[in-house]
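**Student:** Below is one structure. I have some questions about it.
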Amino acid sequence: MTMFSNKQTEKFSSTEKSDQTPAHVRDSSDILHEHSVDPLLGLSFDRVDQLQKEFGPNRLRPPPKPSLLKIFGTQLGNAMTLVLIAAMAVSFGTQDWIEAGVIAALVILNVTVGFTQEWKAEKTVAALESVGSPVAVVVRHDASNKGREGKIIDVQTDEVVPGDIMMVKIGDIIPADGRVIDNHISNLEVDEALLTGESLPVSKQTETLDDKTCPVGDRINMVFSGSQVTKGRARCVVTSIGMKTELGAISEALATKADSKKRGWRRFWEKTQVFLGVKGTTPLQIKLNKLAYLLLVLAIIFAIVVVSSTGYVDIPDSTATYAVATAISLLPASLIAVVSLTLATSSRELAKRNALVRKMDAIETLAGVTDICSDKTGTITVGRMVLKKAWVPSRFEAPDTKVGQTYAVESGKDPYYPRGTIQAQDDNDDDNESGISDSDAVHVNELDSSFQELVQSAALNNMATISASDEGGDWDAQGDPTEIALQVFSHKAGHGKPHLTHPPKHRTKKEDHPAPKADVDGHFEILIEHPFDSSIKRMTTAWKLVGAQGGDDDDSKQHIFIYMKGAVERVLERCTHVSIGDKSIEMSEEAKDDIIKKMDQLAAEGLRVLALAGRTDRLSNAQTVKETKRDDVENCFGLLGLVGIFDPPRPESKGAVYDSRRASIVVRMLTGDHAATAASIAMSVGILDKNHSKSAVMTGQQFDAMTDEEVDALEELPVVVARCAPETKTGFVDALHRRKRLTVMTGDGVNDSPALKRADVGVAMGLNGSDVAKGAADIVLADDNFSTCVRAVRKGRSVFTNLSKFLVYLLASNVSEVLVLLVGLAVRSDGDAVYPISPVGALVINTLTIGPVAFALGVEPTADDTMLQPPSNFFTIFTPRWFMDLFAFGIMAGALCFANFIIVIYGRNDGNEDVSASCNEGAVNSECEVIYRARAATYASLLLMLMVLAFDCKHSTRSVFKMNLLDNKLLIWSVALLSLSVFPVIYIPVIKDRVFQVTGIGWEWGMIAATVLVYFGYLEVYKAIKRLYERRLMRNSDLENSNGKEIRMAPTMEPNTV
């Protein structure tokens, strides 16, 4: 049960000050005396007012929310934005108001889009944060009260103070840490999964513990804030509130700044790096920012080249403007807006699929994930206990005979749904765990008497209830998870508790559950209950049957039914015989051995095994039974059978794990459960193979005992780590990082939060997750489903692929523009250069024209083979092949454009007509017509070739003729509208000559069409060559693999060695 090591307890525990004795090693009467409080009276209202002023409200300190100013500063500090701001300043300095206005509009767009998306993400998470338990039940009194008991009142949770007497009962969320008070507890069990990760409730007691360093999970006389009562009730005295609780201690540890001990200059330098975007963000963003600064340096060099063409003497404003335009043409000015919009669109798609993204850059990181470290309870499993198998004894006469009958119980998607088939299976058939069909099922009325007695015991010796939440809706349950599983099982077998305890004439349709009902003569009434006691690990109840038809009115001839359930060893020690229908066989040592062997067999399947027993007594002895001590009642029982209970995997978990393994992603399970349970679940969903090595499963204690050097020396890290403490999970993430692995960590509890923060992508659960976990996570799953996490990885890979597509498109456009602008300087008149594209034209293409097309490429549908590629394909965009595509696309487009410019100027005019440098200033005269026509042809050629390139960028090697060109309607509309935008630029007065410095063209359209066709043909030939090259590489790779180990991990193989 222990989830925290001593070291971790010392680190996080803040229940008491260091100079005080911990509450769990103190008698409850001492704590009551310290707070001057009576458990029946509670604190006085006056004293509560004083304590509230002294200690403040009972709430956790909320994690710091990024201010609007900080979000704005983050967007402004983007590398590309800083470069654009510098270019805008130069444009304003040269008084080129049009160009400066366009750049200013682009900066505003970039910052606005990024700011809006970050702010929306924060608001989404704020709305998702749970409110916890708004009301606490406490005992208080007036100072003048002379009564023996105070008033039991409801107060807001944040009004609870140290010393308060809080009343907790089934279903309550505990509002503060507290010590259970002696003689004021009844069968209390608390679910501490969010704090410790333990999937089973903890049975509480009042006895004082001895170990001061006792881990939190073992402090069984304490209750902790945020935990939920699953059974019983108790009075507790509050020992800690707010940030002084165990929940607050972990929250505080997460908020501690890691760099608090660093020197001032180092902190300043690191913050500067973060502001510049070269640290503290995703690898892709860092590379993009570094690329932006590199392009800035090149842009400055190219601007100097433009200025140098004038000889640095009397530099005209048009030259300065052209220099700025050339510099900006090298920069993918719309990159920030496109990336932000792409991530925002992907975030909305993920939200529709129950993955809420808190930090946009997490989507990029998901693409290269190599390992998913997942919690088990509620993530891979449904988080609800289900009875999977039941076993009843049959005979024990000879060693070779069958000693019992095993029944497999069907569990559907809803663990509380009280209908399902029960299949009798071969007792030696260990593999027959599923595939229960109606043809194999045993009808309820066909079940033998031994099994029916077992079911009746499971239903009656049980305090849990199940009910339909609405007509035709889901089912709800209340009570201990184990008892809920037994109650659902009894309903499936036709012996639900409502059916057994209600008189036949009072059994309404609403009370009866949809499972078939076995005939019950009369109804049962409870006589006594001895609740589950963790020290003896069993529970006993006694019932009498009332109103049985044909029954004898003589009490001496009627019987009471006493049922017991609990740990197998503890129940067997109270059994003297084995009940087989209406017969009984003495409990011999051989019989015990057979039962223990069956228990071990069920436990090896990852099941929690309970034993059920029963006996009868005369009704005339009912009063005696009520008055008899528990130890005397719990004797002379007959064993009815065994049941195996577990938290079943979600139906979709196995498929999600399969998809992950096909993608060469290693799924690892880090859980607080026992090793056998964890390994069984891991095998059932495909995380582990049945023939896995021993080193694949490890306990947290074993992992923590190893040094970093020993962990790094392991051939492979364990795939399942059971009994994990928080430090185990963070240490495991660190071990993966040392192996250069990108890690996703999923979790729901407070204990998961440090690891969520340490992982490359932290994924918290939205339904059952703690606020601390959500605050530490990058993504929150609204449905707590592991498969949603895998879908998020798939979407991350899709985003990464699309980023690669539109980046090569944007930068190829930049290369083609810069090539035209720089080479165009060679065209001179009277010693001055004549520009092939006007500065505004170059700027419009680079910003307003190719931006929408790039965004359309950014939302391309996810490819079918996305989850068939290894993570290494998603580590970096900037590969040699990517750069080869970039220059192959850009240089050819630029060369064809410049060729058109030369043809129009010199070809049509035989090279004899003069050109005027004044055309660079926007002059409107006959001398500029040729230049303006050449510019129009160049502008149209470049823009239309970029539209063709957009479709080619949909796939790096596939021919356009083999693509689905209609699957991205946004791309089709973007290309169509932007292609049509050429005509207003060339033909609308003022815009054409004053702004873009072009004019209408005629015969040049034929040349432009031919140029576009040539470019299209060039792209197809280029891709054909690439396909031939890649086929050759694949053939060589296949030959190497045929003589060695396969590179790709097959779905049925062991996980990758890491």
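Note that Cβ sites are derived from N, Cα and C of the backbone, with glycine treated the same way.
These figures come from a predicted structure and were not determined experimentally.
Taken from TrEMBL, the feature region 'Disordered' covers 1-29, 410-438, 494-516. What TrEMBL records for 8-29 is compositional bias 'Basic and acidic residues'. Residues or ranges marked as domain 'Cation-transporting P-type ATPase N-terminal' by TrEMBL: 22-96. Summarising the annotation, TrEMBL assigns transmembrane segment to 68-91, 97-115, 291-313, 319-344, 806-827, 833-859, 886-906, 930-949, 970-991, 1003-1025. According to TrEMBL, the feature compositional bias 'Basic residues' maps to 494-508.
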**Student:** Are the transmembrane segment (97-115) and the transmembrane segment (833-859) close enough to be called in contact, which here means at least 3 C-beta pairs under 8 A that are separated by 6 or more residues?
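**Tutor:** Contact between the transmembrane segment (833-859) and the transmembrane segment (97-115): present, because at least 3 Cβ pairs are under 8 Å.
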**Student:** Can you see whether the transmembrane segment (1003-1025) and the transmembrane segment (886-906) are touching - at least 3 CB pairs under 8 angstroms, only pairs 6 or more apart in sequence?
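**Tutor:** Taking Cβ pairs at least 6 residues apart, the transmembrane segment (886-906) and the transmembrane segment (1003-1025) are in contact, with 3 or more under 8 Å.
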**Student:** What does the DSSP secondary structure composition of the domain 'Cation-transporting P-type ATPase N-terminal' (22-96) look like, as residue counts for helix, strand and coil?
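**Tutor:** The counts are 45 helix, 4 strand, 26 coil.
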**Student:** Which one of these stretches, 806-827, 930-949, 970-991, has the most C-beta pairs shorter than 8 Å to the transmembrane segment (291-313)?
**Tutor:** 806-827
**Student:** Which stretch from 806-827, 833-859, 886-906, 970-991 shares the most C-beta pairs under 8 Å with the transmembrane segment (319-344)?
**Tutor:** 833-859
**Student:** To what whole number does the mean pLDDT across the domain 'Cation-transporting P-type ATPase N-terminal' (22-96) round?
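**Tutor:** Computed over the domain 'Cation-transporting P-type ATPase N-terminal' (22-96), the mean pLDDT is 81 on the 0 to 100 scale.
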**Student:** Could you name the stretch, out of 806-827, 930-949, 970-991, with the greatest number of CB pairs under 8 A to the transmembrane segment (886-906)?
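**Tutor:** The stretch I would name here is 806-827.
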